[in-house]
Amino acid sequence: MPIDIVQQDTIASHIKRQCSPQPSVIVIGAGISGIAAARRLYDASFKVTVLESRDRVGGRIHTDYSFDCPVDMGASWLHGVCNENPMAPLIRGLGLKLYRTSGDDSILYDHDLESYMLFNMDGHQVPPQMVTEVGDTFKRIMEETEKVRDDHPDDMSVHQAISIVLNRHSELRKQGLAHEVLQWYICRMEAWFAADADMLSLKTWDQANVLSGGHGLMVQGYDPVIKALAKDLDIRLNHRVIKISNGCNKAMVTVEDGRNFVADAVLVTVPVGVLQANLIEFIPKLPDWKVAAIKDLGVGNENKIALRFDKVFWPNVEFLGIVAPTSYACGYFLNLHKATGHPILVYMAAGRFACDLEKLSNESTVNFVMLQLKKMFPGASNPIQYLVSRWGSDPNSFGCYTYDLVGKPDDLYDRLRAPLGNLFFGGEAVCMDDHQGSVHGAYSAGIMAADNCHKYILEKQGHMENPPLVSVRHEILETTIPLQISRM
Ligand SMILES: Cc1cc2nc3c(=O)[nH]c(=O)nc-3n(C[C@H](O)[C@H](O)[C@H](O)COP(=O)(O)OP(=O)(O)OC[C@H]3O[C@@H](n4cnc5c(N)ncnc54)[C@H](O)[C@@H]3O)c2cc1C
């Protein structure tokens, strides 16, 4: 029996009408987490309806095809190119290619220094040896911040810790061009967290459990993964949820146009930025401990400006960086030509700078980015097409992914993921094992929330033994070809 759609009705009257033994769940959000959860429950014979506010699936995974080739404007890397990555079976099974941009423990996170070129604001290339040397200094500085952490029981920002290190070790201070290169390393670190160093918690910034195998760009984009997981699911696009009422073993979800959906349980996977903005009313109100956990999490911002040219005029390196006196003013382009063969550069901005760029029109943003590019390559042609993301001001995301603010309470994530009766929480921010902010973390969080929901409902129905769960579509999992990884 399908989940009822009702006008202005009460939960109680629905309970009377619904005698179906098939358990029903409403999943809110059709990002990777929501779709993974829905798939899991659908495969376990639950009646699942996914309500999605946008006119597309994928959420912060968004592969754009308007350049006649896939360009990921949201997530584009698989962080952890290894079989332990929960996404690996799906990516392997779909035969998707990965282009590895870095190995393990790179100082530049998802890049390494094998294929780079840095320039100063005057367009002069920074000698590669200087980049390597300053990289070693950066590494030392960050190692020294561990001692600062040991000396200070109270948390502080990474920026503050770097200042303390530079006061303690004047030999690590850099001048002139080398200082600018150091700022560029800080810019790269900030881009990883999508937040400025003065916002990041010293206590936890390097404690994440990074999977092995380095970082691989999804050459064909992330979209095929979303499409495969979403196949056959009942996903209602343009359904913006504004209210969730739960209790009495049922839950009712109200969308913008006033329609109500009723099910045995609800699984919320909307971004933390959306929860922080109070765009969804919860009845009864969320408890104070849950509200505080939502509020106490940092939400970063990162934007991409993708530029398609008629021909390649830049060198055959993976990325092109611009160094400057502050990390805010540094920047870099990812060269998609190297990984995909298409003449595309993607400028990437993070933290406050990404928010400031969103205040400009698309045209002004592209002009700004082109000024940067023309400093490096005065003969650069103008792009024939461009794409500009606005993750920070998009009411469907309000940011790109979460990070730990200074002074984050230890139990924050436990509170964030804790279910409230038949109300369950998924999404990137609630994943276990410190994989927040990633596609695989969001995927795992969806699976975990689905399993908790499954167990809860079957117990309520008096089934003590749960049927075995399957994680993704059988035909995909059954394929055993290895991950396809390249580097040109
Ligand atoms: C620019 C950028 C680059 C990134 N790069 C990488 C990367 O390279 N590798 C990586 O692993 N991760 C990366 N990430 C992070 C990764 O994309 C996310 O962690 C992951 O996609 C989050 O999935 P999710 O399902 O938790 O949330 P989302 O994908 O945001 O899904 C939530 C869904 O809820 C919907 N929604 C919101 N409000 C409502 C409402 N009121 N009613 C109904 N639906 C609603 C949204 O439209 C959305 O579809 C990046 C993110 C961004 C933005």
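The backbone N, Cα and C atoms fix where each Cβ goes, and this holds for glycine too.
The predicted model assigns the domain 'Amine oxidase' (32-453) a mean pLDDT of 95. Residues or ranges marked as domain 'Amine oxidase' by TrEMBL: 32-453.
Taken from TrEMBL, the feature FAD binding site covers S33. Annotation note: S33 (FAD binding site) sits in a helical segment as assigned by DSSP. Long-range neighbours of S33 (FAD binding site) (same chain, six or more residues apart, CB within less than 8 Å of its CB): T269, G426, G427, E428, A442, Y443, A445, G446, A449.
Under the three-state DSSP scheme, Y347 (substrate binding site) falls in the strand class. Sequence annotations record features per position, and here TrEMBL assigns substrate binding site to V241, Y347.
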In which DSSP state, out of helix, strand and coil, do we find V241 (substrate binding site)?
strand
Where the C-beta lies under 6 angstroms from ligand 1, the matching binding-site residues among S33, V241, Y347:
S33, V241
